[in-house]
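Annotation comment: TrEMBL describes 208-372 as domain 'Hflx-type G'. If you look up TrEMBL, you'll see 214-221, 239-243, 261-264, 327-330 marked as GTP binding site. Look at TrEMBL and you will find 221, 241 tagged as Mg(2+) binding site.
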Ligand SMILES: Nc1nc2c(ncn2[C@@H]2O[C@H](COP(=O)(O)OP(=O)(O)OP(=O)(O)O)[C@@H](O)[C@H]2O)c(=O)[nH]1
Ligand SMILES: [Mg+2]
């Protein structure tokens, strides 16, 4: 397995300066640069890097050559010399040429946000699918930037941004990398086909599938663990989960469903990177219901919620039935709580409170099983009774002289398709 810096001990922590360039484009993107750079600091921490300082600059457009302005570059260099920082981590994406020029100008290793995230992924990937996906993402990212990396890698050696395929493949030519990308895609297809088969089998068996989605660190794995007693990793770190885990969940009525945990989302993640994790996220695309978990206490909550909605849209899961789960309400300020939207498709929980978990199970059940309806059917009509059993789950059955009284949790889709004949026998509440 690839080693991550955070597993090699605190004494060897790489020292880094964070750099964020606030351009017009950044301002328009809707992401708050200050929050974004704070997130970059958490990402750096997760990757095992010690953040020494943060430098921000306002510039309408990035400098073509050095990204930041000339004067700023000098300032960063001086600060690095003073503090012993050897790496500069940029919050925005850099071109190959910019990396090369920055290496020259700053005499430091240059990493950007995407590379940092990929580095964390490389350290986290455990399953074959995860490892393949990360390598594919790293190579796809590396290929167009190849010429920009030769120097810093040969000079500065290991550490963040150099784990994984970068180390071994750099000396080889682009063609070699392209071949490897093709091969990785082929292998991934095989793994994905296997997963699809598995999922298809579950679907055939009639299993209802619910997926936990949301921003990284929102509490998805915590909820999976609390609801199903699954033994999954929960950490106050970004991207604790990379591979999807599925567990059976028993709803209050006794019905069993499958609950799946997925990789967290994050802002400013390049599109091709999202594509690389498509297979993993397909779990979300195939689910009957999504639980969109939100960290209520995060100062970036609104933005995070929006990022998740956008990524879901990209994955073609935008219109799916979704229950918005406002998690960590115990940490949310009075003000934050008052700003949450209410309504039937939202629920507020503290993942560690049993009462809230019960509420959540009930809310899932309501959405999956549909509403309860009552039917009064002539006892002689066995055909209608059979139909009732097909379109829902009979919770109660009584006879009243020549009538059959049935209390049913209707499956809205089945009722729509085949249940018309029952409408005349429905008892108004
Ligand atoms: N106080 C409080 N902490 C919570 C709650 N839910 C989760 N946490 C904490 O939030 C942190 C992140 O939880 P995870 O379950 O790992 O988050 P995740 O969404 O799976 O994150 P990734 O796998 O990184 O995408 C952990 O430290 C949890 O203990 C909650 O309701 N209240
Ligand atoms: Mg997780």
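Cβ atoms are placed via backbone N, Cα and C, with glycine included.
Unlike curated entries, TrEMBL annotations are predicted automatically.
This view paints the features noted in TrEMBL onto the structure.
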| residue | record | CB count, 10 Å |
| --- | --- | --- |
| 214 | GTP binding site | 26 |
| 217 | GTP binding site | 25 |
| 220 | GTP binding site | 29 |
| 221 | Mg(2+) binding site | 23 |
| 240 | GTP binding site | 21 |
| 241 | Mg(2+) binding site | 22 |
| 263 | GTP binding site | 23 |
| 328 | GTP binding site | 23 |
Length of the line joining the Cα atoms of residue 241 (Mg(2+) binding site) and residue 263 (GTP binding site), in Å: 5
Alpha-carbon spacing, residue 240 (GTP binding site) to residue 221 (Mg(2+) binding site), which is rounded to whole Å: 9
Distance-selected binding-site residues near ligand 2 (C-beta under 6 Å), from 214, 217, 263, 328: none
Cα-Cα distance linking residue 221 (Mg(2+) binding site) and residue 214 (GTP binding site), given in Å to the nearest integer: 10
Between residue 263 (GTP binding site) and residue 221 (Mg(2+) binding site), the C-alpha gap once rounded to whole angstrom: 10
Inter-residue C-alpha distance, residue 328 (GTP binding site) and residue 221 (Mg(2+) binding site) (nearest angstrom): 13
